[in-house]
Each structure stands twice: as structure tokens, then as C-alpha cells.
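Per TrEMBL, the features are as follows:
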DOMAIN    16-109  domain 'Cadherin'
DOMAIN    110-211  domain 'Cadherin'
DOMAIN    212-319  domain 'Cadherin'
DOMAIN    320-422  domain 'Cadherin'
DOMAIN    424-531  domain 'Cadherin'
DOMAIN    532-637  domain 'Cadherin'
DOMAIN    638-745  domain 'Cadherin'
DOMAIN    747-947  domain 'Cadherin'
DOMAIN    949-1051  domain 'Cadherin'
DOMAIN    1091-1148  domain 'Cadherin'
Amino acid sequence: HLTTLITVFAGERPTRFYLAKEEPDLTMDSSTGMIRVRLPLDRETRDKYILSVEARNGISVGYCQVTVVSSVGERSRETSRLPTSLGSERSDRDVELNVEDVNDNTPTFPTSSVRISVPESHPLHSALYVAHATDPDVVPSHPIRYVLGQNSNDLFGIDSRSGELYLARRLDYETQQRHGLLIRALDGAGLSANLSLSVEVQDVNDNPPVFERNEYHVEVPEGAKLDSQTDVFSQILQVTAVDLDTGNNARLSYRLQGSTAFRISPNTGWIYLAQILDRETLDRHALTVLATDNGSPAATASASVLVTVLDDNDNDPRFEKEFYGFELLENLPSGTLVGSVSASDPDLGKNALLRYAVVQANSSFTVDPDTGEIATREPLDREIKIVHELVLEARDQGTPSRAARVPLKVTVLDVNDNSPEIVDPQGDVVSVREEQPPGTEVARVRALDTDLGENASVTYTILKDRDSDGYNVFTIDPITGMIRTKAVLDHEERNVYRVSVKATDAGRPPRHSVRALRVEVLALADNRPTFTSSSLTFNVREDASIGQAVGSVSGAGPAGRVAFTLDSLTPVSEFPAFDVDRSSGQLVVAHSLDRENVSEYHLEIRALDTTSIGNPQSIAVSVKIVIEDANDNAPRWPQDPITVRVSERAVIGSTIYNLTAVDLDSGLNGDLRYGLVAEFPSRGSFAVDSLTGALTLARPLDREERAEYTLILKASDRAPPGEQLASTVTARIVVLDQNDNDPVFVAPESTKVAITPDLLPGATLVRVVAVDKDAGDNGRVSYVITSANEEARFSVGYESGIVSLERPMVRSTELEITANDHGSPPRKSTLRLILTLASGQTNGPPRLLLANPVARISEDLQVGAPILNVAGPIIADQGNVSFSIPSNLAADKFSVTPSGLVTLRGPLNRELVSRYSVPILARSSKLLDISTLEVLVMDENDNSPEFRPGSCYTLAVPENQGSSVIHTIAAADLDEGKNGEIYYSVVGGNIGAKFTLDPVTGMLSMSNLDREAVSKYVLMISAKDKGRPSLEARCNLTVIVLDVNDNAPSFVQNQYTESRPRGSVAGAEYPGFALSNGFSYSSSNYPTNYHPSKYVATISEDVAPDSSVMSVRATDPDQGVNGKITYAIGEETSWLFRVDNLTGVITTAG
């Protein structure tokens, strides 16, 4: 049903009506003239229609215009009837049609959603946005009204009439960054439209940064150093601050205040060390770290960082004194406190916990490890040792530990604990000739007191007692001990006196000893010479010239006609060391002396009466000559040069070698001090303890920086200034490699390699080269692919580093190759190789260098000598090609010329490094090639054998032992093969071929030795290698033959005769007269080694008791107690005669 808008009439006649112009929304009934609505009208789209209507009645045609105007409503109504008369003229009258409006349209927003950005600091009740909706309906009495359909936390409000949106509450970006609102527009009839409004809250720098903590605590070890690979100091702490803002307002940067010892990464907050810390200087650092955002204005927060420096054991203990000296009385009980030493260590904890110890083995003293108190381990005896020199060590308990040493001297003070001992005369019988004036010297008494000072000051007296009937006959000088006569003596009146001599020291209380002497008064007819002392001691320096007087012996005889003879009791060479003037008795040096060979001589000087032709009388005196040391021996090193091998990881302060020199002199002349004379290169890397000779490390070693040092070391004695002797030794310090360096890739220069798809499996793609500064296996590098090698499409040469294609490449790949050294544990580094597919074809770049070159060279090759030309065969076609060897590799031993000839740059030593891997780079304008030259150093016989410590020293072996192995010689040779094989031999000093030396094992054997034939052998030992020419080392091995009591005493003369002219009784026999060595006679059981004989003497029957009958003398070639002879007479005649068991003088018994 169509709504009729208007009807057009045209007179009475039947008329047909038509619209002159077709209207889509309207239609016209041609019969009735009704204009109807074909489609719904929309005033908001078209509010007026002007229609041209044509009316036809068959006769004429009439026209009119009809105007249709929209009104507020949308329902149409007929507004007028406009009859039009048909005629030939056109009617101009308009017919107007008004369409009433109806509320058929909702309000409309320009868009369905809107996004706005609002700073979080936007003020309250200030407009954020104005919403505006439109409604095409005409309802002037009901305007559009705005409301909020969705309000986030009631933060927003809206003006219902103007649509102005405002803040009702504060925005907070940090709480919520986006709010969704719904604004509804309502018309008067309740129709509405919605607008979605998204409010993006813009951050305002309203939040300062905030650190996670107000205070950070971190502990850092002192002494932390730069990382050797990255040259970056260690990270110690990361601080983190947060800023609730966003963007630049939340982008933070960090900075430090309070110390230059640290720095901070402004972006990450990592705090690093900027310098090495020293806890002993400052053990705590207070830092302030600031975090500042990038807002405007910027906001800043701060936090405290407290850095506690942890102790590192970087300080040696230090003694309070450089030398300690103590004095202590002798004989105090063990455990007596001597004194104490004290050391300090500025480190902390175990690093400062000190333990004290005596360095060298010493049985006399102990030190409390905790307190440093020194106590005696046993009672001290000053007479055995006056001064004890010790070296004390204070060692901390750190890891590794550090130590300091200090010399200490303990002087033992004397206590009067020794009585004087009368040593002269040696025998108990002295003599004086009758009728001599008062004051005649009889004998000198000499007492020794091993105490000191007044305790050793001795005075002499003659005791008045029943056993000393010579009290009023003789006097004794209280100081010199000379016994003199007080009156003229008469042999016939009394021929024997007993004198008790007392020797008393001046100690408090004093000590004394008594010696009973028998003084014989000799008749004038008795021509026996006499000595005032039975033993004498002289001192002479070993550098005394020949002919220098040593001392004088004086023997009294008739008219002084005495001849002196000398017999040495000390085994010497064929040239006697001393001689005596036969007339004066002066003892002189007859041959050069050497205290180090013989330090003491024992002589017997005999005074012989030359007035008697038939039966000359004689008397002997024992003389001891002490050879005083002269500083005639310089210190001697067991070996020169010394080779010391030390790890480059050796810690500072560690002992790497103990220097030991020998000085044959004694006392201060043989007391050695050690020092470092020179170090090449001079870096202060080593130090020497002057007292102990300990060679220690003073600075860290780095083999890659320096593989060898040369030291000149000195040993000097402590002789007086002007007499000191010193000797030097060269020490070769070889720094042993430790695996402390990672391999470093030096090729290829570019890690991007383009690969063409046409390459066949097996094709070489690139060569990677990594070098390692270490030596040996530590520096030998091998290669493996560690990631991204899917389906094993690639391979790398284990040693060559050549990357090859195994299967066709289908896409670009990032290949990880790891270079491992062969140290223990191994070290590694990685290279990421980017392989990309490229178009075109290629056969691979030509080689500028030889592939896998190897050279074998002698370690004696001269610097500058050519080794190998590594240029490839196509080098001439490549134009200008440069060759180079990366610096600081292969110990900088090699260089390469512009033509590719590798030459030797520095001297070689196979014993240090036997193989070098030398990377060589060749560059042309278009190509880069890399190859590694393997240099094998071949051995030359440049090292002599070196005797191992303990191979050559002094041995003591008993005689008569038979064949046996007594020692093993050991030497080492650093060379290899024949050059290092050692052949041992004895090349000198093998008297009588008594020794044999196994040439391979070095075992030294001896055959039966006889001390009496040869008492000392000085064997020259040779250790010779088998190189060509061979090298040799020699040393002297001294063999002392110890005595065995294998010789019987023998008399000097085969026959002794004595006669007495007056009333002689013939046939007085002495059966069983015996000699023994080393034993005292007891009953009739003679010792094993004796030589009994019978002698015949003629004496007067009225001879007085104690008259001398004869004197016998025997010798024994054995030594010491084995050669000490005593004399005895068999019991069957002991009642008639007696013999002095020491002198061999036979006298009558009654």
C-alpha cells in the first residue's frame, strides 16, 4: 500500500497524468492523478521535491509543477489541491507538499572510537575532550544530552550539555596506563549513540628512581688484577634502580662518588675495579652510587655501597728486628727460656697467623710455634760450643704461605763447671841434676781449664802433706807453673822426691785438681838430657813460609851438648812438614802447609846426649802443632753453571733453589754469605737470602714474556776486610710453561665466507688458524666444530684447521669452531664462521703459501740463517704479495722476508722448546692466505753432563772390606739420543786400581783397601756423553779409608843392648816383654795385637831402685786408638823391673 501524497486534477474530461521526470521515491497514478510514495521518504536526505506533471486529455496538454517539501515528521499529508485547466498554456503555479519529521534518527558521533593522550599531571576539572554528536531529526525542544556509560574508578566526569569530558580524580600512570570510557549521546526520544573513548595516560617524570636496596655490601679480594685476555677489571657488584616512569623518564644512568678505585657502567650498573686494592692501606671503601633518569627535569636517587676489601696473602711476615742476640748461662736445664722473637704480618686471619720454626735442624733449641719463645732442648755446654747461630722462620698460614727469616745468635756464658786439668808434664816423672844452684828449673806445670775468664785463670801451689815431701825442697811459680829448686840437691843424699802440685782456678767457688809428680835427682855422671816439659804445643798459620820458626824446645844436658832429632807421628807425604835444628832445638816449617789437608801435626822431638859414645842418653818430648787457618780457599760451587727450572705459576716468596757453596776454611774464613750480583734482564724477579742461600721469587713470572733468565750469584766468606774471598756462579733460570693462555684466532681476517652452490664435497672452504703463546702441548692447538653442523655438512682438520665441505650446502650457516690446546686442563676459544650461499661458480681461491709446511732445523742454527721459503707456486702471478708473522708468537724466534723466506730471528734451545708453530700470512691485492709452519728443532750436543747433587763428595769406608759397591754416581744430560747417553769412568787418582766404575750404571765398587798403604784416595770421575764431539764433566770424589786394627806394633830396632860397667850382673832377662796397641795391660792376658821379645841387659848389682835400665821404642802404623802403644813386662819379672807403659823406659823396681 502506497501512501498518497497529493492528487492532481485537470478539468472535467478524462485526463491522463504523467510525471515529466521520473522520481525514484515517488510514483503517479496516470488515471487518478494521485502522487504516491514509492519508497519511504527521508527528510534528512531530501526535504523538497519539485515535480513537473503533464496532463493529457487527447486534445491538449497541460503542465504544472508540484513542490514536495519535507517537514519535521516523516508522515506525508495532502497540503493542497491545485486544479489545473488544460489548455495550450502552461500553468506556473506551484503545488507544495510538506513531509512531517519523525524521530527516526539516532544521534551520531563523527567516529565510533577516539583515542586521546593525557599527561598524568593534567589538572582536575580541566577539559580533556569535547564530545559532539549530531541528530538530523528536527526536534528543537529536546537537545542532545551526554552521559558516561563507563567510568574507570570514577576518574572522569562529563558536562551533559556541552559534552566536555574532564578529570574528576588524579591520573596515575604508574597505577594504570590506559582507561576505556563510553560516552553516550541521548536525544529527547531516548535514542542514543555511543562513543568509545580510550584515554592513554602519558607518563610524567613524577617518580624518582628507587634502588632495590638503600645499602649494598660487597666483599672484594685485594690484589685483583686485570684479566689477561680482556684487559678489563673484575666485576664486583651490580646495583639496580627502578623508575616507575616510562620512556626517557625511566631510562637510568649510573655514576659513582666517593672513590677513584672503582668505576661503574652507566648503563648496566655493574661496578668494576678501577685499580688494584690494598687492604693494608684501606680496608673499607664507602661509595655513593647515583641513578639519574632522563626526564626533564631529571630525578636522582642514591644508595650506599660499602666495599669490604678481603685480605689476600700479599705481605711477608716482618720481624721486629733484623737480628736477634741472646746470652744464656751454660748448664741450665732443658726448657730454659732463652728469649723470644716477634714478627708481624699486616694481613688478616690465616694470612696473618704466624708459626715460628727453626729453619735448620738444631738439637739444642726449640721455638714455640705460636709465641716465638726460644727454649733450650738440652743443657748447653760452653766448652763444647760457645756461639749457636740459628735461622728462625716466621711463616703465615695463608695459601700459598709466605715467610720471613731472621738470623739469631745465642752466646753461651761460662759457668765454673770444669776443674783445671794438669796436662804438662805428660808423665809423672821429672828430673833435675844434682848440685845445681837454687832456682834451677825442674819442670813446667801447665794446666788447662776449659772455662772462660776468671774461671779459667789458674794458679799453682805445692801442697804440704804426707804425700808431698818436696814441699820445702821445691817452689812453683803460681802464674807460670815453673817448678824450681829451693836448695842445692844431692843425689846421694836423696834421689827421689814426691811433689803434689795443685792447680786452682779463680772461679767462685774455685775448682782445683792435684797432680802427684816424682822428681828424680840425677847424679852428675848421669848424662841424660832433660826437658822442662814433657809436651809442647805450638800454633802456626797455614800460609807460613818455609823456614819460618814455629817454636823452640830446649833440653838440658852436660855442657849443653844435646842434639835434637824429630820424628813425625802424623802420616804425611814424602816431604816432612817440619824440621828441627839439631843444635838449637828450633822447630821450623820445612814444607808448605795446608790446614784443609792436615790441621794438626803430632811430633816427637828427642834430645840426645852427645857426650856419651857407648851409651848415649836421650829423652823425648811430644810436640803438637796446630795449623791455624788462613783464608786461602775461595768458596767453591759444586757446579757451574746451575740450571734451575721453575714454573711460571710459582708464587712470590717461594724458594726455587737452595744455593750451597763450600769453603774449606774454618771459622769466619769458611762462614759464607750469599748475594745476587746481577740479573739479566734486570727486572728484580729474584732475591737471595744472604744467610741461608735460599733463592726466592720476588716477582711473578710469565714464560710468554720471558722464558729464561741469567743470574750471577756470589758466595763470599766473612774474613776480615782485605782478606775476604768470593766466587761467583752463573744460574740459568728456565721458566717452565703453564697452560695460562687461551688459543687466539688470527685467521681468517673476515669471518664471513661466501660459498657457491656448485662446490663439490671435499672442497676447501677456508682455513682457520689459532695460535697459543704457551709451549709444548700447552701451545699445540687442534680444531673441532662444536655447533650448527647439521647433518655433518662440514668438517675441520683436527690440526690443519682447514674447513671443508662434506655435503652440499643448502642454506647459510653460522658455524662455531673451537680451538683447543692440549694442556692439562685444556683451554679453548671459539670462532663463529658465517657461511653464506653465493651465486656463480668458483674453484676456491688460489694458495699464496705452501700447504702444511714443515722445517727441521738444528738448535745451533745461526741467527739470520734461512729456514724455508713458504711462498706458493702461483705467487709470481699475484702481483705484490706481502708476508708477515703475527707478533708475540712462537717466542718471536722467526721472521719472514718480502719473498716469503722464513729466517731465524733469535737463538734456539731445544732443551727449552723443541717445536714451534709459526702462523704465516700472505696478502695480495685480492687474496689472503694463511699457513702454519711447523718448525722442529733438532738436538745438538750442546749440553755437558751435569752431576746430580750428592754424586761427588767425601766417602769414608773401612779398610779390609773386600769387594763391594760403595757409591753410585749419577749425572744427567739435557740432550737426547746419543748426545744424552752418559759413559762413566775413573780418570785419575785410582792408585793401585782399587776402584771400578760401571760405565752405564755409575756404580762405584772397591777392592780390598789398606789404610796403611793409602789412607785417602781422590778419584777424578768423568761423565762423558756419546755425542760427536762428546762433552764431559768431571768431579773429585774423596774416599777416606777408615782404620781397622790390623797391624801389630813393631820395635824401631831389632835389638836393644844395655850395659852397666860397675859390678854388672849378666843375663837379666825380660821374658814376656810385650807391646800392645789400644789396650791397657792386665794380668798375663796379652791383647790380640802384640809383639813379645826377649832382651838381655847387664846392670850393676848395687844399682839403686828406679834406676833406668834401658829404653825401648815401637811403632804401630794403625791410627788413633789402634795405633796407641802401651808397654808391659810379664808378671814373672815385674817384681824386679818395671816399664813406663807410655815411654817404654825400663827401670829397676827395688
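Cβ from N, Cα, C; glycine included.
Taken together, the residues of the domain 'Cadherin' (949-1051) have an average pLDDT of 88. Stretch with the most C-beta contacts under 8 angstroms to the domain 'Cadherin' (638-745), considering only 110-211, 212-319, 320-422, 424-531, 949-1051: 320-422. Mapped onto DSSP helix, strand and coil, the domain 'Cadherin' (949-1051) counts 7 helix, 49 strand, 47 coil.
Broken down with DSSP, the domain 'Cadherin' (110-211) shows 3 helix, 47 strand, 52 coil. For the domain 'Cadherin' (320-422), residue counts in helix, strand and coil come to 3 helix, 47 strand, 53 coil, using DSSP.
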